[in-house]
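Visitor: Dumping what TrEMBL says about this protein:
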DOMAIN    A:75-212  domain 'NarG-like'
TRANSMEM  A:6-28  transmembrane segment
TRANSMEM  A:71-88  transmembrane segment
TRANSMEM  A:108-125  transmembrane segment
TRANSMEM  A:145-169  transmembrane segment
TRANSMEM  A:189-207  transmembrane segment
């Protein structure tokens, strides 16, 4: 299948390029944009280590969302934690030899796939059932959920019903590292699965998926509450300084 | 007193989230600022010819100036966590008053002009051109945000609608679409020195009158000095404190606390205003210019410390921004933070056992405390996070026998806005103010029913003015809202000075009542 292999090889090179360069561009843009005034949402930590702790709780436990809405938190957390484990599990297709941690995580990764689906279905249901969330949902929001759900479903399908030749899959991806194109199995479910993943990688830097890097740059969360002790003057604001 | 031309919401015992009812507040907009109020702030007088181009250009500039705006435009996933958190949505049912709904008014324009997806597939991602209709929506709904930041508490990414509404207002000001209430007040500060346009001599008269009143009532000569060079403390307070009720009772309390502390202090007739409406319109330049006045007076009066009175957003600007805007403050006494809040000052004295209280003086009241949003979610008091919640409560407990908090979901960092903050305390927005107060009124009503609460204390001039006006709409009394330092003032046991036996016949000072306007405290507040 040289055509398919070539097409998918190109797709993944392109997707990786867009993902990495797009995200790098955004992260550099965020970090270069000044935050001229202290605006942490208080009560806020008064030390940097306190901020690290606050951010860790936000990233790992979704603390603010927990306070906001329990249903959204349950489904959101199930989806993200599931995605995290599934991603770790998939590292076995990209690493050789496979690290022991990744070996260990394999069985959990399967259940995590189901957690992802449950989370996504719950999040999607809210977009129909809760009138406020229905009001704010745009076609893009539905498409994003559809994309993720299709990825999860096609993945689970391959795990349980329509197995594919995972050894060839791994050979294909490892080959990409050295521009050595190895044949990809022509299973429709596999081709759909990885094509959608490539699409996800491509739209990541241009979509609401930017919430992932954005969280780390949110001034209301990542600033230390020390404005009386430490003076801050942004470069563009320094022209207001007295001579 | 209140005669409403709209339906006042019915209070319920349990908070209910209304069904979204689009467009209920589409007709609500404040008066436009006239050219003479725009010019002193550095803005065009009326809508400029190429406004669309200028607005997009300004938006691009703000995106490079503020990381908050840049990140918040990108990061929202429409999860809905904020949708039931805004008091204006809860009170008006208008979905454009849901934080995400309000933000999206700007986000759809951002997408159209600043993102690839919005340029290529506007319909898919909800991107839209900046049309006259969109501008009108901006004007309506960005003036239905009190910048209270309650949404930022609950957003998983900390997206703060206040930052977005500030940016929107700055963009509108820059194309000549300003809001009258805010801009007129800022112009007045530049011209006269305070929000109310009170000239120096009127302040001097008012303070002399207060000295006499306090002496008549207590037999102790408590001083209320102004423009005294060499005083240790410069006291900066919202100008409403100089005469409006119940604000002035708090100001009387400040003087009594300073008297007991035995420190010299002074107001300034030039920096006679703590409020900084530059923040409400998102203008760094104006915020900076307003803050400089405090620095100039601290230098001129040769003070060693700066203390802020009871004003929510003034405290935010003071606590969070003053160091940046008007520092460094290295010429002041380094033993004290700059600035200090009057509550921190009073609380320190209480901890040192230097204040004596007769709590029974407040026994006619059963109290609750309203956390003001700018204090609660955008500042701190004392050394530890959350001091802004604990210190005012500690002062109430020290001065009153009966205190009950409102429901946990409605206090501290989850507090509900009074409904009048963020530059909305104007009669043209009264429907919004009444409806926006609903969640707070419900929580208050519940503790009134369950605990017999009679009064609510607050430490923000806007809150006090707003409640004075709004309480009657809900069948309550306007004097149920009190200043926190009014409680201190009632209970404090004053130490007589050496000359307090002498009767002073110098009775030429005007009393504060001569300055108190009738029903117009809105324009006066803060």
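Just so it is clear, glycine is given a Cβ too, placed from its N, Cα and C backbone atoms.
Note that TrEMBL annotation is computational and uncurated.
How buried are the listed features, and what sits near them?
Guide: Away from its own ends, the transmembrane segment (A:71-88) comes close to residues 61-62, 65, 101-102, 105, 108-109, 112-123, 126, 148, 152, 155 of its chain (Cβ-Cβ under 8 Å, at least six residues beyond either end).
Packing against the transmembrane segment (A:189-207) from elsewhere in the chain are residues 4, 8, 11-12, 14-16, 18-19, 21-23, 25-26, 140, 144, 147-148, 150-151, 154-155, 157-158, 162, 164, 169: each is 6 or more residues past its ends and has a CB under 8 Å from a CB in it.
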Visitor: By a Cβ-Cβ criterion of under 8 Å, what residues six or more beyond either terminus of the transmembrane segment (A:145-169) are in contact with it?
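Guide: Residues packing against the transmembrane segment (A:145-169) from afar: 79, 82, 86, 93, 110, 113-114, 116-117, 120-121, 123-124, 127, 182-185, 187, 189-190, 192-193, 196-197, 199-200.
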Visitor: Within the domain 'NarG-like' (A:75-212), what mean pLDDT does the predicted structure show?
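Guide: The predicted confidence over the domain 'NarG-like' (A:75-212), as a mean pLDDT, is 95.
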Visitor: Taking DSSP states H, G and I as helix and E and B as strand, how many residues of the domain 'NarG-like' (A:75-212) are helix, strand and coil?
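Guide: So the counts come to 113 helix, 0 strand, 25 coil.
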